[in-house]
Amino acid sequence: MKMSLKLIMGNQAMAMGAIHAGVQVVSGYPGTPSSEVLETISSHAGESLYVEWSVNEKVALEVAAGASYAGKRSLVTMKQVGLNVASDPLMCLAYVGIKGGMVVLVADDPGPISSQTEQDTRHFGIYSKLPVFDPSSPEEAYEMMGDAFAYSEKYGTPVIMRPTTRVCHAYAPIKMKSELYKNTLEGFKKDPKWVIFPKLSYEAHLNIEARNPVIGDDFSGYRFNFIEGSGRKGVVSAGVSYAYTKEALSLLGAECRLLKIGTPHPFPEKLALEFLQSVDEVLVLEELDPVIEKELVYLCGIHHIHLDIKGKRTGNVKQAGENSCESIAQVLSLYLDIPYEKPEVLANMPALPVRPPVLCAGCPHRASFYAVKQAMKGRKAVFAGDIGCYTLGNAMPLDMVDTCLCMGAGVTITQGIHHAEPDTVNFAFIGDSTFFHSGITGIINSVYNETDMILVVLDNSTTAMTGHQPHPGTGKTMMGNITDKISIPAILEAVGVSDIQIVDPFNLDEAAKAVERAASKKGTKSIIFKSPCIAIIKPAPLLKVDEDKCTGCRKCIRELGCPAIIKSGTKVQIDPSLCYGCTICAQICPFDAIGGDIND
Amino acid sequence: MINCLLAGVGGQGTVLASKLLAGCALNKGLPAHTAETIGMAQRGGCVVSHVRIGENMHSPLIPLRQADLIIGFEPGEAVRSLAYLKKDGTVLVSAHAISPTTASLSNSVYEAAEMIDYLKETGINVIVIDTDSIVKECGTSKILNMALLGAAVSTGILGIGLSDLESIIDEKIPEKFRELNHKAVKLGAQALAGKGA
């Protein structure tokens, strides 16, 4: 019999789970590994389903909250560091509560694979006192999304859905519901409860403290919290680590008593107590912080249960990075005293090609960085970077990112450096999407406080790093509408930036002149290097190396680090499958050896 | 449970190939799961796709030493992934190397032959596919993934037949590319038959 299951990504599964749960307003800000959730939902957008990429995560969460106040089911998506930006509305909303079910989807990134931090959003759940759902597979994530909306409405609180990269990006055959949830809630009703005041917050705090143990008991019977297996040795696991644990047990041919946690907060204490009373010792296998481990130690303490609880605290499980089948099999092998032959490192392996992330051939950021670097040769200058593809400008040979902290921080780190070292020329590089996300307030700060800095906006007309999402400067929305493009130079002018130059970075001479001009002036100056990401344009005529003229000096390779320029004997060659015809190699070649099609 | 690992470089079509294999399995009524490990690189970085066909799988990623077949889209990437191979597993590998984008900056020279020799010296089953001739005959390197899939299913290791692969191409690939993809699959299968496997 043929199964009618569709292979979909964990993020798509959560998107479909939300749609089938009747979600009507969805907002978010792109961030790996969360972006595909909103993108999937947007392909179902229509009259009764509104979807937007918001300007940043704080804005997104507030939009979703407003929709929920008005009785709609709403979803907001972001990556873990995005919740730092959205933490202000999150903390307050936890007190105010919601009407229509509201899910705050925050994807964590153990490793980290593509993030600044390894922060654990389960802590945010505990801190904000909100329920947290932690799926262990795409299949479970699909089901949990519907449950999350139901619990949210049942308790009148936003809830957090916290998948991790391996669940977000794994593909599984998902059995979908055929019926859509029908929302019967009425719209926005004026009520003092929507206005946060100290007195209301005090009462809400008491209510939350009374409510959470009730939710914890409710969760003790929740279908994705369960005990399985037998034996006196206990193992507790959650998220993708539960999947690794199951796989490792089968590799080892072992069995144990296993408690699986799908809702780390409020902790399902009754279920956990039942488990703790059935075993002689406990090993906790989880990623990021020892959240479940601490809950168990706490439970043992208050219930006077004498159990050895092993995990991160005891050094059995490593404290940072991802778990894997192998790491968990090793820990389990020691714990259960079952031999495990650790896969050996292969002997005599030849040196493998190294493939670090680099800016694409033809990327306009390469030209922008190169122009600034050339113009500032011999000057004392600091180059503050930011979050996006252009963080890759830190790689050799460009080496043009001296600092990178968090979204929008380049603009303001620069100001601090200026106040500490006024004789340095201070640059802040920021992409167009990051500019709208959290760059503008920093620029206002610079103008207001009369800081000398050069703001370099790398405007490639898209959110490239996370997969080319539109933003306010692109003139497109996730509802498919064409809107007015919000002009970056108009914003800069409005906030009082004194000198605004718009330059094509691929014209290296002009670009360098613009940098010199900006560096000669006081105050907050800006250069907008405007050129689209190669992923959204067609290549220009490709370039060729004239072998007769090429002396093999390799200046192009040494200074640009373009992936399309490769060594060929004593000379260089351009790989036509990678070249985008950006021409910067031709512009810097001292022997005029690069040209080809453009000169034909 | 059959585990198949596809190892290549961004832009070679490993991810699509893994989806097609999983689609073949689903069409046969077998559960299939896939997952990728991709770094930050948009192009030219290492891409590994994990395809798991059958019941009783839990981890989205294949554990080390559990892959029945590694499809190496590129010799260096096949070697890099070798720790995933079962003791009696098979490596099917394209002979064509992709130089890393940073090779020009360093002085490291990367030779495909060295990688292939290493694979052969380890004593595992190695099938080298001359993908250059297939690419030449098809006129584009974009069909590399299809040629390798044609060869891979012909090994019989995956429990998927050529006809399964042909129907999933008809199902998933836009019509204008179908004929070329079928051609590449056929040439890949022929290349394998030529090895006497």
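Even glycines carry a Cβ here, placed using N, Cα and C.
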Checklist entry - Since TrEMBL lists A:Cys550, A:Cys553, A:Cys556 for [4Fe-4S] cluster 1, which candidate among A:Cys406, A:Cys582, A:Cys589 does it give for that site as well? => result A:Cys589
Checklist outcome for this item: Rounded mean pLDDT within the domain '4Fe-4S ferredoxin-type' (A:570-600) lands at 86
Checklist outcome for this item: For the domain '4Fe-4S ferredoxin-type' (A:541-563), the DSSP residue counts stand at 6 helix, 1 strand, 16 coil
Item to check | Surrounding residues of the domain '4Fe-4S ferredoxin-type' (A:541-563) on its own chain - C-beta under 8 Å, 6+ positions past either end | outcome: 358-362, 366, 370, 395-398, 570-576, 578-581, 583-586, 588-598
Checklist entry - So of all those binding-site residues, A:Cys550, A:Cys553, A:Cys556, which one's Cα sits nearest to A:Cys562 ([4Fe-4S] cluster 2 binding site)? => result A:Cys556
Item to check | Residue from A:Cys550, A:Cys553, A:Cys556, A:Cys589 whose C-alpha is spatially nearest that of A:Cys579 ([4Fe-4S] cluster 2 binding site), among the binding-site residues | outcome: A:Cys556
Checklist entry - Over all shown protein chains, what is the count of other CB atoms within 10 A of the CB belonging to A:Cys553 ([4Fe-4S] cluster 1 binding site)? => result 14
Item to check | Non-site residues, in chain order, whose CB comes within 8 A of the mean position of the CB atoms of A:Cys550, A:Cys553, A:Cys556, A:Cys589 at [4Fe-4S] cluster 1 | outcome: A:Val545, A:Thr551, A:Gly552, A:Arg554, A:Lys555, A:Val572, A:Cys585, A:Pro590, A:Phe591, A:Ala593, A:Ile594
Checklist outcome for this item: Expressed in Å to no decimal places, the gap between the Cα atoms of A:Cys585 ([4Fe-4S] cluster 2 binding site) and A:Cys553 ([4Fe-4S] cluster 1 binding site) is 13
Checklist entry - What other residues of the same chain, not counting A:Cys562, A:Cys579, A:Cys582, A:Cys585, have a CB atom within 8 A of the CB centroid of the [4Fe-4S] cluster 2 site? => result A:Ala361, A:Gly362, A:Leu543, A:Leu560, A:Ala564, A:Ile565, A:Ile574, A:Tyr580, A:Gly581, A:Thr583, A:Ile584
Checklist entry - So how many other Cβ atoms are close to A:Cys582 ([4Fe-4S] cluster 2 binding site), meaning within 10 Å of its Cβ? => result 25
